[in-house]
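J.: Mind having a look at this structure? Questions to follow.
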């Protein structure tokens, strides 16, 4: 599968944490709105969890085989309106973009 947002097979779960109204999470919300359908279409078996909580700083967690978990802060990320994602998000997810 050589498609945009194709995750590595070792990736078992992706979790986005962000604030539903905070300005610091605006870029993350924009990215999720734009990229979620493509990510889910290309990775139907991988759970993509969206966790909204007031005052939460934006962060992405990637859980791999054997319970290995990596996280990446998305605070201060400026995701342009172009189709290209921020470098932090795919890197944290092990995305083959």
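The backbone N, Cα and C atoms fix where each Cβ goes, and this holds for glycine too.
Feature list, courtesy of TrEMBL:
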- 20-82: domain 'Ribosomal protein/NADH dehydrogenase' (DOMAIN)
- 74-97: region 'Disordered' (REGION)
J.: Quick one: DSSP breakdown of the domain 'Ribosomal protein/NADH dehydrogenase' (20-82) into helix, strand and coil?
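T.: Final tally across the stretch: 23 helix, 16 strand, 24 coil.
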J.: Looking only at the domain 'Ribosomal protein/NADH dehydrogenase' (20-82), what is the model's average confidence as pLDDT?
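T.: Taking every residue in the domain 'Ribosomal protein/NADH dehydrogenase' (20-82) and averaging pLDDT yields 88.
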